[in-house]
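K.L.:
From TrEMBL, for reference:
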DOMAIN    341-778  domain 'Major facilitator superfamily (MFS) profile'
TRANSMEM  136-158  transmembrane segment
TRANSMEM  334-355  transmembrane segment
TRANSMEM  375-395  transmembrane segment
TRANSMEM  407-425  transmembrane segment
TRANSMEM  431-454  transmembrane segment
TRANSMEM  466-487  transmembrane segment
TRANSMEM  591-613  transmembrane segment
TRANSMEM  625-643  transmembrane segment
TRANSMEM  655-675  transmembrane segment
TRANSMEM  681-703  transmembrane segment
TRANSMEM  715-738  transmembrane segment
TRANSMEM  754-773  transmembrane segment
Amino acid sequence: MVFIPGNPGLIDFYTVYLNLVQESFPEYNIVCIGHDGYCKRDRDFQYFNLEHQISQKHRYISEYVLQKTTESPETKVVELTFLCHSMGAWMMQRLVKRLLDDKQLQGKMEIKFVGLICPTIVDIWKSSKGRKFTHMFAYLPVIWLFLMFSRFLTLLFNENNLKWIIRRFSLPKPVLTLKDALQSFDNSVEGAYLLIVNHQILEQTLLMAEEELQQIRQNDELNDWFFQNVPKEHGINIWCFFAADDYWVHNSTRDYILNRYHDMHSKKVRFEVRRGIDHSFCVHQKEPISNSEVETMNSKSLDATKYSEVGEDGRLELDTKALDKIYYKLDLRIIPALWSLYFLTSFGGSAYGLTLTMNRTQGHSLGQALKLTPHNISTASALYYVGYIIFDVPMNLIMTKVSPQTWLSRIVITVGLVYTCYHALSNAHGLYAVRFISGMVGAGTWPGMSYYISLFYPNERLTRRIGYYFTAAQISAAVAGLVSAGVQKMDGALGRTGWQWMYLIYGCVTMAVGILLLWWLPDRPFKKPVDLATRTGWKKIYYRYFTSPAPLSEQERELHRKDLEHRYKMLSWTWKDVVMVVSDLRIWPMIIMYFGVVGTGFGLAVFGSTIIATNNPSLTSIQVSLLYAPIWLFDLGGILTITPIVDRYKKLRPLVFCLACCVIMCGMFVTTFAKGSWNKYGGLLIAGYGLGPTVPIIMAWAAEIFGPRYGDVGTAVSAAVVSGLGNLGSVTATYALYSGWPADKKRLYRNSNMILVLMLGISIIACGICYLIKDKVRQNKPEVEESEE
């Protein structure tokens, strides 16, 4: 059995732990191969780098195997078992590769087992201590400072006093008071003392640590070979043990390894994650490690689920019932607020479409009052989306830098303010201006909510929540129809027309709710409380009176943090990172997917009442408004019945999206070619049902693909770009089709409907392309620095 230590590679730290292993396996000859440079030397200092350390171990093992097989004829094959700790695991991976590739050793050596304990094999610089040392090495003469400090200590204290300081303040105390535990602690004190008083060892340790931070990065090619090919091709059992809270292994890198390589059905590879274990286990926690290691090595096959706190998705399993209660509590606070927000911001678009036909028999519709031509109407409708598209990404990027609930509240207040101004319109050019401004102030609403909700919920709980508040758009469209029917009765009251009352009432209510959202929506889930004593002026007033109370208790927040820690990270991003997201090939199929379904959705939202009235000219304007509402109730039904299934079976998202598009297409075919106005109306209901789950699926899928790789900026930018550029479909539907295509009215909008069907077909093709490339494009994470919130 060969053991490779971490850094510092002093054997003193591991002797008691290896004695415990020896007691369980008396038949093994255990050899601990330390690192060159960790002994007292009389000659001048020489640094032995990582490459030298690996070559040294390869040379030692190969010489041993060749000597054993040569001197002992009865020994034809030498069986090897490897154990390693910390950065020794990084060396071990490369050592195993060299040994297996060594032609001299083929047929003379068989590796049976490799155990990796607290392995630092991916992005060590991301860990809590890794970040600190990276900054120290970058800005300070670390080695000189440590050497000076060690000389100061050795001059100031004698050996006994220095060991007392190490024992009292430096090392963690043993968990058990057993003889072995105390002996391990004493050995660790001796090792730490040697590290301080021997300046050559200290310098070797620091130089190797600096090289580790530079060299131990993500290497999917080697890790794929080690965790996937080695067990299959060479029959080697691999055991990988992680501490749940490891200051040298960041949770995101651990979870990346688990997500990529953990297989619940594997009989050759076992991953374990344990709480209550430190990275420096050998000082005071060797018993639980050695017990788990012995059990694993004695297993004929490795049951990947045994003793493992890792779920099928590769994440730490937490108390599911407690988590469900936490997310239910968050639902009660967040979902109604987001629902109200989206209801009000969506209401304006539906109201605009309805005011085009309100009180038309009296000659008091918006189009009649402003003397709008079909070209004026389509241009004004398109200008809304132009403003929306231009400002969508910038608005959402701002949200990553400020309190998100404040920014969402700002959106609602300004939307209400602008729509209130609609009641004063008197000509087409005024309509052009307010439609563009409406798009500008409302930009970032949908991607902003998608970004905001992803801060609180893991991806497997995301689609359903997006679906919950997405229903607000459908309900608002239905309610807009009903409110329109009632407000038309107010036509002429106080000298104002029905459409003017519609905008006045809507705008005032929206501004009031926007102000309320400042206290209703919670801030980021793990944001530290603001110390009011450090704030002055308007900032102090803002934080005292305009910030939202936290929705969870401290205990609930900690459990929530553990469930989200695999994905939640606030990144310090630059415009280069934005360009990286936009240039990611996977985002463009998603834009096309969004283009088709949103173009169809907004086409029906803005011109649904127009289609109903054209198919059945005998209907009154109030009857048209009432028939408009059920389309979006069917849309709501699609959300409530389909999104829970998609959340449970995340891998089926592309398939469900394509099937939903097919349902919409069937509805459009019925609307276009069925005989009789009521049969055509039934087609609109079918299309509404299919539309329901499409947008929540796209946004949840985008968060799943771009969030893990790019962090906050990936979630925010992908949502903004997909919804922003995807809304070109809305421009197409509102500017080029229906009212924008006057000749199509005689055909009962047959050609407009068929172009929407074509757009949906393209969305299906784009979905297939996205599915094929999602795991093949930019799988390596960019090297961006995380910042604490």
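A Cβ is built for glycine as well, from the same backbone N, Cα and C atoms used for every other residue.
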K.L.:
With pairs fewer than 6 apart in sequence excluded, do the transmembrane segment (466-487) and the transmembrane segment (625-643) have three or more C-beta pairs that lie under 8 Å?
P.N.:
yes
K.L.:
Which bits of the chain, at least 6 residues beyond where the transmembrane segment (407-425) starts or stops, bring a Cβ under 8 A of a Cβ in it?
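P.N.:
Beyond its ends, the transmembrane segment (407-425) has Cβ neighbours at 341, 344-345, 348, 351, 366, 370, 395, 398-399, 431, 434, 437-438, 441-442, 444-445, 448-449, 452, 496, 500-501, 503-504, 506-515, 517-518, 521.
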K.L.:
Residue list, the transmembrane segment (431-454) vs rest of chain: Cβ under 8 Å, 6 or more residues beyond ends.
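P.N.:
Residues 334, 338, 341-342, 345, 348, 352, 370, 372, 376, 379-381, 383-392, 394-396, 398-400, 404-405, 407-408, 411, 414-415, 417-419, 421-422, 425, 462, 465-466, 469, 521, 699, 702-703, 707, 712, 715-716, 719-720, 722-724.
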K.L.:
I'm a bit unsure how to read this: which one of 375-395, 591-613, 681-703 has the highest number of Cβ pairs shorter than 8 Å with the transmembrane segment (466-487)?
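P.N.:
Going through each listed stretch, the top one turns out to be 681-703.
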K.L.:
At a threshold of under 8 Å on Cβ distances, which of 375-395, 591-613, 655-675, 754-773 pairs most often with the transmembrane segment (681-703)?
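P.N.:
If we count Cβ pairs closer than 8 Å to the transmembrane segment (681-703), 655-675 scores highest.
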K.L.:
For the domain 'Major facilitator superfamily (MFS) profile' (341-778), what's the mean pLDDT in this predicted model?
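P.N.:
That region's mean pLDDT is 83.
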